[in-house]
Amino acid sequence: MAADGVDERSPLLSASHSGNVTPTAPPYLQESSPRAELPPPYTAIASPGTSGIPVINCRVCQSLINLDGKLHQHVVKCTVCNEATPIKTPPTGKKYVRCPCNCLLICKDTSRRIGCPRPNCRRIINLGPVMLISEEQPAQPALPIQPEGTRVVCGHCGNTFLWMELRFNTLAKCPHCKKISSVGSALPRRRCCAYVTIGMICIFIAVGLTVGTQDFSRRFHATYVSWAIAYLLGLICLIRACYWGAIRVSYPEHGFA
C-alpha cells in the first residue's frame with residue numbers, strides 16, 4: 001500500500017485491511033523505547049513448487065511474511081501478530097517510528113513528538129534524536145522517556161487535544177472549538193471563592209459608608225464618589241466570580257504515559 005497520503009498520527013495499516021483481529025498492546029512493553037524503523041531486506045526461500053518466494057522477517061515477532069504480490073506496498077502486515085513491517089523506505093521527509101505498543105507510525109523527519117492513536121495506548125512519544133536500527137544491529141537499552149505532555153478532553157466539544165504544560169490548574173484553548181477552558185477544577189474553584197469573598201467585603205464596606213456618612217455626604221458631595229467606587233468594585237468582583245464559577249473544565253484523559 002502507498003504511504004504517501006497516510007496521516008502521521010494514524011497506524012499505517014487501517015482497520016479495513018485487518019479483518020476481525022484488532023492489534024493489542026502488550027503491557028510488558030510499556031517501558032520500552034520507541035525506535036526508528038528501517039525496512040528489513042527481504043530474501044527468497046525455495047519451495048517445492050516455486051523457484052523462490054520473497055519473504056521478510058516480522059520486526060515484532062520475527063515470523064516470516066510472504067511478499068508475493070505485495071512488493072508494491074510500503075508496509076505489510078504480519079499474519080501472526082497483526083503488526084506492520086516496512087518493506088520500502090519512507091517517503092521523502094518522513095520516517096517510520098514504532099511505538100512501544102508495537103504500532104508502526106510514520107511522521108516527519110523533524111518531528112519531536114508524536115501521539116499513538118491506539119485507544120489502549122495513547123502514549124505521547126518524545127522522539128528526540130532517534131538512532132536508526134538496522135536489521136543486524138540489536139536494539140540498545142535506552143533511558144525512560146520523560147513525559148512532556150498529556151491528552152486533555154475539552155470541556156466544550158469533548159475532543160481530545162495535546163496539552164504541553166506539565167501542571168494542571170491552568171487555562172487552555174482547544175484547537176478544535178477554539179474555546180477557553182480550565183485544565184482541572186481547582187483553579188476556577190479557588191478564584192471563584194476569592195472573588196466572592198472580595199466582592200462581599202466591598203459591598204459591606206459600601207453599605208457601611210452609605211449608612212455612616214449620610215450627614216457628611218450632604219455637606220461634601222465627593223463622598224458619593226467613594227460610595228460608587230466601593231459598589232463598583234464589589235459588583236466587578238461578583239461578576240468575575242460568576243465567570244469563574246461557570247467556566248467549563250477540561251480533564252486529562254489519563255496520567256502521563
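Backbone N, Cα and C define each Cβ position, glycine as well.
Look at Swiss-Prot and you will find 1-43 tagged as region 'Disordered'.
Positions annotated as compositional bias 'Basic and acidic residues' by Swiss-Prot: 1-10.
As annotated by Swiss-Prot, compositional bias 'Polar residues' applies to 13-23.
Swiss-Prot lists Thr22 with the feature phosphothreonine.
Per Swiss-Prot, the feature phosphoserine maps to Ser33; the stated evidence is a large-scale study or a structure entry.
For Cys107, the entry in Swiss-Prot reads active site, with the evidence type similarity to another entry. For Cys107 (active site), the Cβ neighbour count at a 10 Å cut-off comes to 22, with all displayed protein chains included.
Taken from Swiss-Prot, the feature motif 'CX5R motif' applies to 107-113.
Under 8 Å from some Cβ of the transmembrane segment (192-212) lie the Cβ atoms of residues 223, 226-227, 230-231, 233-238, 240-241, 244-245, all in the same chain and six or more residues away from its ends. The feature transmembrane segment is assigned by Swiss-Prot to 192-212 (among others).
Per Swiss-Prot, the feature transmembrane segment maps to 227-247 (among others); the stated evidence is sequence analysis.
Proximity of distant same-chain residues to the transmembrane segment (227-247), defined by a Cβ-Cβ separation under 8 Å and at least 6 residues beyond the stretch ends, is recorded for 180-182, 188-189, 191-193, 195-196, 198-203, 205-206, 209-210, 213, 217. Taking DSSP states H, G and I as helix and E and B as strand, the motif 'CX5R motif' (107-113) has 0 helix, 3 strand, 4 coil.
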